[in-house]
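Annotated active site, proton donor per TrEMBL: B:E418, in sequence order. Residues or ranges marked as substrate binding site in TrEMBL: B:H29, B:H264, B:R359, B:S386, B:H468, B:D476, B:H480, B:R527. The thiamine diphosphate binding site annotation in TrEMBL covers B:H69, B:G117, B:P118, B:L119, B:G159, B:N188, B:H264, B:F444. Summarising the annotation, TrEMBL assigns Mg(2+) binding site to B:D158, B:N188, B:I190. Look at TrEMBL and you will find B:356-532 tagged as domain 'Transketolase-like pyrimidine-binding'. Annotation comment: TrEMBL describes B:H29, B:H264 as site 'Important for catalytic activity'.
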There are 2 protein chains.
Amino acid sequence: MGYSKTDELAINTIRTLAVDATLEANSGHPGAPMGLAPVSHVLFNKFMTFNPKNPDWVNRDRFVLSNGHGCMLQYALIHLFGYNVTLDDLKNFRQVDSITPGHPEAHDTPGIEVTTGPLGQGFANAVGLAIAQAHTAAVFNKPGFDLINNYTYMIFGDGCAMEGIASEAASTAGHLQLGNLIAIYDDNHISIDGDTKCAFTEDVLKRFESYGWHTQHVENGDSDLEGIEAAIAKAKEVKDKPSVIKLTTTIGFGSKLQGTGGVHGNPLKADDAKQVKEKFGFDPEKTFQVPQEVYDMYHKHAAEGAAAEEEWNKLFEKYGTEHKDLHADLSRRLTGDLPEGWVSKLPTYKPSDPAIASRKLSESVLEAIHDVIPELLSGSADLTGSNNTRWKNAVDFQPPSLGIGEWSGRYLRYGVREHAMAAIMNGLSAYGTIIPAGGTFLNFVSYAAGAVRLSSLSHQRVIYVATHDSIGLGEDGPTHQPIETLAHFRALPNMMVWRPADGNETSAAYYMALTSKETPSILALTRQNLPQLEGSTIEKAIKGGYVALENEKADVTLVSTGSEVSLCLEAVKTLKDQGLTARVVSLPCVEVFDAQDKDYRLSVIPDGIPTLSVEVMSTLGWEKYSHEQFGLNRFGASGPYKEVYKKFEFTPEGIAKRAKLTVDFYKDVKPLRSPLNRAFTQLI
Amino acid sequence: MGYSKTDELAINTIRTLAVDATLEANSGHPGAPMGLAPVSHVLFNKFMTFNPKNPDWVNRDRFVLSNGHGCMLQYALIHLFGYNVTLDDLKNFRQVDSITPGHPEAHDTPGIEVTTGPLGQGFANAVGLAIAQAHTAAVFNKPGFDLINNYTYMIFGDGCAMEGIASEAASTAGHLQLGNLIAIYDDNHISIDGDTKCAFTEDVLKRFESYGWHTQHVENGDSDLEGIEAAIAKAKEVKDKPSVIKLTTTIGFGSKLQGTGGVHGNPLKADDAKQVKEKFGFDPEKTFQVPQEVYDMYHKHAAEGAAAEEEWNKLFEKYGTEHKDLHADLSRRLTGDLPEGWVSKLPTYKPSDPAIASRKLSESVLEAIHDVIPELLSGSADLTGSNNTRWKNAVDFQPPSLGIGEWSGRYLRYGVREHAMAAIMNGLSAYGTIIPAGGTFLNFVSYAAGAVRLSSLSHQRVIYVATHDSIGLGEDGPTHQPIETLAHFRALPNMMVWRPADGNETSAAYYMALTSKETPSILALTRQNLPQLEGSTIEKAIKGGYVALENEKADVTLVSTGSEVSLCLEAVKTLKDQGLTARVVSLPCVEVFDAQDKDYRLSVIPDGIPTLSVEVMSTLGWEKYSHEQFGLNRFGASGPYKEVYKKFEFTPEGIAKRAKLTVDFYKDVKPLRSPLNRAFTQLI
């Protein structure tokens with residue numbers, strides 16, 4: 001306790017930096033940083049331990065700004081503490097190729113833990129970071145070695161509080177009794193539509209109580225630094241519940257328009273900016289002013305953080321002498337590399353092996369590798385028995401007091417909360433010691449689209465186990481049968497969409513998902529059984545596409561994925577009876593196939609003969625790999641899956657019919673180029 | 001009060017029908033129907049008014065089963081009351097082309113109000129139905145004419161309660177004080193992962209209290225019919241709050257596995273089915289048994305509903321004599337037709353008119369038509385000032401007691417709740433007297449993907465006003481810039497995705513959105529200004545695609561949408577300087593273009609010359625309309641929009657460069673067919 005003039009000066013420095021940066025950019029959100037400067041000053045200086053010279057130190061306290069539009073708050077703090085973000089970077093706020101974009105992006109800016117801005121995401125990411133801490137601590141901490149004991153702090157606003165994803169994540173955190181999670185609710189009564197009373201009149205703290213959170217209210221968030229400090233200290237004492245502190249603040253504190261929507265999403269007017277500076281004792285004519293004593297104060301705290309890391313490094317070294325294997329394990333995890341020899345555990349299959357659903361093949365992979373990849377943490381959004389995401393001896397991640405699991409458990413029961421699951425997995429991955437895999441039906445990955453997008457944008461190694469991947473799920477019907485889903489996620493940059501056709505391809509999908517450190521994956525898996533293919537191997541499949549059946553002098557190439565590959569192989573026989581020769585390409589992951597060299601790709605989908613794609617959902621995008629497309633551009637049907645396939649002509653005969661039409665149609669075209677031959681390459 | 005043996009028999013009839021239908025299908029969810037038979041028996045017979053002979057009667061009470069997997073409950077009830085669903089239809093449960101699919105679909109089955117199954121959707125649909133009732137009543141009811149006074153009843157389970165969309169909708173309903181909404185929470189402690197204690201331990205009633213709901217608990221939902229009746233009666237008395245009744249039930253009541261996950265998602269074993277029937281006094285060897293006294297009881301209630309409708313029809317006729325215009329308005333609304341002459345209100349533009357952002361052009365449409373289309377109910381997910389969804393004199397839909405709106409208001413403040421907004425709009429549309437339009441950023445329509453999909457599947461006329469449609473939004477950066485979004489929704493069947501290039505095209509988009517009674521629309525609109533095009537008219541644009549600039553003997557067709565069309569027109573000049581002649585096609589809606597006859601389509605994208613598509617996001621799917629594609633298959637950048645466009649070469653020069661490469665590349669191909677020429681047509 002005990003705050004000085006320098007504290008006040010530091011708070012006002014953050015406020016004026018936010019004013020200047022948004023004014024310079026003529027864009028951005030000054031209001032939240034101005035309102036949240038006091039709490040963040042207290043939080044970062046009195047409670048948080050971190051080393052700006054090594055933003056990756058594993059035991060640092062995590063900070064998440066869920067209302068990411070207020071990111072000038074973070075950029076100002078990061079700069080003041082001495083992360084590699086300069087005053088020039090602040091001046092380049094919201095400019096092309098700067099490291100200070102309009103919303104904080106974890107991949108590009110040191111000190112930013114997760115990518116936020118889309119509302120509610122950061123809230124759920126923070127729950128993931130807190131789960132990761134609890135789990136990692138349970139695995140690695142030993143008597144005398146309290147290695148992993150960081151807290152996760154998170155600020156969220158009214159917007160986040162309204163989003164369903166935050167509700168899902170808050171309910172999860174309460175259930176899991178995450179005492180290491182402390183959230184500050186910026187209760188400023190303003191959202192873009194103005195006063196929150198127009199849409200948001202619920203009792204937020206009562207809601208969090210219902211989830212099992214500890215709640216407090218600090219009524220004067222603008223200047224009651226002691227009150228803020230006491231509340232955070234109290235929250236830290238509560239070990240068996242996450243904490244939320246409702247902090248009533250004045251948005252745009254200091255502006256003539258403070259407390260109104262006018263300071264939410266627009267820079268202050270020039271004269272208002274001047275009066276703010278005068279009010280706070282700054283030169284109204286100057287911009288981006290940082291008093292030296294503010295730098296001094298913040299750098300001193302940074303130095304304490306650096307010293308804390310140094311202490312930790314010593315402790316960790318000593319840990320290595322007493323717990324050699326655990327030390328090696330944690331060290332390895334932090335590099336992102338997998339343990340040596342793990343690949344040999346991947347199941348392989350022969351054509352004579354029985355037909356198995358790829359969701360079951362996925363289960364076999366998890367069963368085979370979970371021992372050798374201890375950082376793998378699986379789970380499901382309440383579809384465990386359908387997604388087959390749980391290995392036999394798995395222990396649930398649960399608060400031990402519930403009697404149904406342990407903190408060290410590696411299986412997460414996400415509940416029916418797909419969106420939070422995805423964002424929690426982003427947080428788990430961002431922590432640095434865990435590779436998360438989570439299951440739902442492919443159709444309901446769409447519920448999580450907002451977070452899946454951020455898996456891609458923020459380069460998280462997250463694995464979506466998406467079963468029941470087509471009309472092949474049968475009786476559940478059109479409400480559950482994906483049509484648009486693969487097209488959606490194939491259009492998403494930095495996402496691998498895998499749709500394996502058999503066991504070897506399923507192992508290949510896991511190989512790529514696990515070894516791609518900066519790319520998430522969606523594994524689209526069947527409910528129905530699939531035969532083991534003659535021509536498949538892991539080695540071929542990890543190229544994303546390969547020739548599953550070659551035929552010299554073929555008339556047509558059939559290119560397909562997943563459950564339709566074996567149908568295409570059947571269709572080859574039907575076509576043969578009709579005097580046509582076909583070859584078959586399996587393309588389990590177009591993104592990985594696209595990354596192969598052109599010679600290889602053209603050997604798979606060659607010039608000279610037409611190509612027909614076969615996939616039992618939207619044809620959108622298949623024109624890139626084929627001359628003609630057989631798909632399903634309508635909703636499916638409820639019934640036994642073989643009858644549903646038949647209804648839509650996904651049979652050897654239905655494929656053969658279209659292959660013949662394709663051959664006939666392209667007979668006169670010279671030269672008939674592979675669709676892979678393009679006039680120019682796309683920008684990346 | 002006072003329940004007889006027949007009541008018990010009816011309840012057990014529903015239970016055994018659910019057992020038989022799931023066993024016959026060897027698929028489905030018997031547990032929820034068996035647990036919910038008592039409450040639905042009481043609810044339908046003692047409280048609900050409806051006429052099975054006219055499922056469309058506007059003042060019927062609405063029933064929504066949010067846990068749609070329990071739909072055998074609904075099918076059994078619908079059959080017993082005499083809707084056009086036969087015992088054979090029940091025997092065809094979950095079979096191809098039946099009207100009893102695996103989850104209830106509003107479009108196909110009489111008596112099903114909304115399409116549910118994806119969890120949480122029905123909850124939010126019910127909120128929409130309740131809003132629609134309150135609004136329609138406020139507009140049409142007059143002293144002596146209590147025309148619209150139905151209730152909306154909804155059942156939801158633990159799965160729905162965990163979904164964020166239900167949280168969003170519940171908070172909204174509490175804020176809006178929807179006293180006409182009564183929800184029953186099926187507290188059976190079972191979800192697919194087993195006991196809900198593994199993931200869901202919050203205090204649900206306390207949460208609903210925090211939202212402002214009236215709450216009750218009936219502890220014995222299996223047999224306390226009087227308690228159930230009293231609770232629903234009490235809920236009806238509460239006029240200023242939505243009500244939730246927590247009903248503790250035994251899932252699969254009567255089965256040997258009752259109360260366990262074993263009866264949730266699988267049919268009963270044959271011997272268990274037999275013992276259930278014996279227990280309930282049915283012949284264990286027979287299936288699909290309906291005692292005549294049960295039919296009699298249900299048909300009697302159905303007849304009372306038919307009589308009630310007849311009374312209502314008389315009242316409505318009398319209303320016509322005293323309130324002629326309102327009578328005509330409501331009568332017209334119920335046909336789905338728009339008022340005569342409304343089309344003339346649509347704004348039109350000349351090339352000399354100023355450049356305007358299409359989000360502002362959309363606002364002008366709303367301003368121009370809201371008076372003449374009184375069923376239009378607009379709103380936004382807390383982006384009113386950015387989405388431009390509110391006409392100047394709009395009154396908010398709010399409980400009058402808040403002092404900021406009226407029940408008759410036509411502007412909904414959805415809060416930052418995109419997913420609930422979409423599902424509420426599905427409910428508003430399903431009510432039958434409203435056309436909802438709701439705004440958010442295009443990127444955040446993805447948050448609502450689960451509900452948007454159901455707009456399409458259930459044929460709802462819902463309008464998504466999706467502004468800030470590309471990297472053209474500028475500074476907000478990659479977290480807000482759509483890349484995959486248009487591909488996603490273009491792949492969704494029965495969805496019109498519009499991306500208008502100017503004012504006339506924006507009017508055309510609204511024309512089609514408003515007149516397509518069974519198809520939802522997404523209007524992708526710019527933040528930045530767009531010039532009015534030389535060649536655009538509403539008449540051309542409602543074909544989905546047209547020639548914006550014709551050029552005899554052109555070397556290349558540039559096909560584009562929205563903000564890139566005017567860039568393409570600029571590129572034509574650049575190309576001319578290079579000795580190449582280009583023509584330009586504007587394709588604001590590919591789905592509508594696809595519906596035109598082939599001759600027209602080939603006149604727009606003809607044989608003989610190559611076509612280059614230009615759209616500043618994922619190229620996925622553009623191969624269908626073009627030989628080569630210029631797009632953005634990576635995430636965007638934060639900065640002023642013109643600089644962002646420049647970074648990615650979306651300039652006349654960047655387009656011209658690729659057009660030239662396209663022309664060169666296709667010089668040797670003979671015949672060069674239009675991409676619209678296909679070997680076969682897709683199944684629809």
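In case you wondered, yes, glycine gets a Cβ from its N, Cα and C as well.
TrEMBL labels come from automatic prediction, so no person has curated them.
Feature annotations (TrEMBL) mapped to structure.
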residue : record                            : DSSP class
B:H69   : thiamine diphosphate binding site : helix
B:G117  : thiamine diphosphate binding site : coil
B:D158  : Mg(2+) binding site               : helix
B:H264  : substrate binding site            : coil
B:R359  : substrate binding site            : helix
B:S386  : substrate binding site            : helix
B:E418  : active site, proton donor         : helix
B:D476  : substrate binding site            : helix
What's the number of neighbouring CB atoms sitting within 10 A of the CB on B:H468 (substrate binding site)? 27
Simplified DSSP label at B:N188 (thiamine diphosphate binding site) comes out coil
Among B:H69, B:G117, B:N188, which are recorded as binding-site residues, the nearest neighbour of B:R359 (substrate binding site) by Cα: B:G117
Tell me, which binding-site residues from B:H29, B:I190, B:H264, B:R527 are within 10 Å of B:F444 (thiamine diphosphate binding site) if we use the C-alpha atoms? none
Residues lining the Mg(2+) site besides B:D158, B:N188, B:I190 (CB within 8 A of their CB center) are B:G157, B:D186, B:D187, B:H189, B:S191, B:T196, B:I251, B:H264
Please give the maximum pairwise Cα distance, in Å and rounded to a whole number, for the thiamine diphosphate-binding set B:H69, B:G117, B:P118, B:L119, B:G159, B:N188, B:H264, B:F444. 34
Integer Å value for the Cα distance linking B:H69 (thiamine diphosphate binding site) with the residue listed as 'active site, proton donor' is 24
Select the closest residue to B:P118 (thiamine diphosphate binding site) from the following binding-site residues, measuring between CA atoms: B:S386, B:H468, B:H480. B:H480
Which one is it, among the recorded positions B:G117, B:D158, B:G159, B:N188, B:E418, that lies nearest to B:R527 (substrate binding site) by Cα separation? B:E418
Taking the Cβ of each of the recorded positions and counting other Cβ atoms inside 10 Å, which one has the highest number: B:D158, B:E418, B:D476? B:E418
Out of B:N188, B:S386, which of the binding-site residues is least crowded by other Cβ atoms within 10 Å? B:S386
About how far apart, in whole Å, are the alpha carbons (Cα) of B:I190 (Mg(2+) binding site) and B:H29 (substrate binding site)? 13
Count of other CB atoms lying within 10 Å of the CB belonging to B:G159 (thiamine diphosphate binding site): 25
Mean pLDDT across the domain 'Transketolase-like pyrimidine-binding' (B:356-532), rounded to an integer, is what? 98
Please list, in sequence order, the residues in the chain of B:H29 (substrate binding site) that are at least six apart in sequence and whose C-beta is under 8 Å away from its C-beta. B:T22, B:H69, B:G70, B:M72, B:H264, B:G265
Could you tell me the C-alpha distance between B:E418 (active site, proton donor) and B:N188 (thiamine diphosphate binding site) in angstrom, no decimals? 29
